[in-house]
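Asker: Here it is, the structure in full.
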Amino acid sequence: MHPPADHPIRTPAEHLAAMRDRTPLVQCITNFVAMNVAANVLLAAGASPAMVHAAEETGEFTPLVQALSINIGTPSPGWATGMRAAAAAARAAGLPWVLDPVAVGATSYRQALCGDLMAFEPTVIRGNASEILALAGVEARGRGADSADSVEAAETAARALAERSWAVVAVTGPVDYVTDGARAWRIANGHPLMPKVTALGCSLTALVAAFLAGGGDRAEATVAALACFGLAGEQAAEGAAGPGSFAVALIDALHAMTPETLERGARVSAA
Ligand SMILES: Nc1ncnc2c1ncn2[C@@H]1O[C@H](COP(=O)(O)OP(=O)(O)O)[C@@H](O)[C@H]1O
Ligand SMILES: Cc1ncsc1CCOP(=O)(O)O
Ligand SMILES: [Mg+2]
């Protein structure tokens, strides 16, 4: 169900162009905080969002989309049933899907839900360092939805989780880390204002799903999405007076991003 690893190598710019060529329909089951922000991020970047979460319709709806993003940020039993149904439908249809394990270390309910979802083999897992540590079963110091651990501290756990689950694992923070268990990259794009705006991580997870829908190697598509989002953050910060105007400028920067700008601005290195 995962794209084969023998795709020709694409640059982040080529991944952006491929995503936009497809204008992928991305089903998002996300939290109440992120719903609007994530939809606007997808639209600005060139994808098409659909916030569909009811178990009653997802079996019918998920096969119509090009990628799925599941974020457990504000879980409840009905939504959890919808998440499991959507993940099952994505797996059955061979669609790429991304898991965002928000605050998974905080409660046993979130841990159990992520355990259920992991059984449906996410294509990519994207979280902050504390979330990836907790999901990997390593002691983490998360504070709710925020990380209290460094990306570096989560790298070994991320690799182990990728090997164990066969998901690509993306750990975000000041410098992001992406691994498929065999290969790894660091993405140095981003700006310190990004964690000062809620739901940007959640929105990035949805953007990763959109980039996966563009095809190619799933790890490289993930790296491309992170570089694109981080670079948009850098550009947005240039004229921002603080987190409020930054959030608006980030949407504008994603909309204005071109493959050429991304080619020049992506700071990706092998890890
Ligand atoms: N201190 C920072 N400096 C630069 N970029 C950051 C920083 N913290 C987070 N980011 C960026 O913010 C985005 C969201 O990541 P993160 O804050 O780790 O997710 P979450 O909101 O899920 O905790 C990513 O693009 C990441 O690279
Ligand atoms: C604040 C909050 N509480 C539950 S979900 C959520 C949003 C978290 O968003 P992000 O992980 O992108 O910062
Ligand atoms: Mg998050």
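Heads up, the Cβ atoms here are built off N, Cα and C, so glycines get one too.
Found this in TrEMBL, in case it helps:
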| type | residues | note |
| --- | --- | --- |
| BINDING | Met51, Ala199 | substrate binding site |
| BINDING | Arg126, Thr172 | ATP binding site |
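Give me the structural setting of these features: burial, nearby parts and distances.
Answerer: Long-range Cβ contacts of Met51 (substrate binding site) within its own chain (separation 6+, distance under 8 Å): Gln27, Cys28, Ile29, Thr30, Met35, Ala39.
Under the DSSP three-state reduction, Thr172 (ATP binding site) is assigned to strand.
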Asker: Given the binding-site residues Met51, Arg126, Thr172, Ala199, return the subset with CB under 6 A from an atom of ligand 1, ordered by sequence, or none if empty.
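Answerer: Cβ under 6 Å from ligand 1: Thr172.
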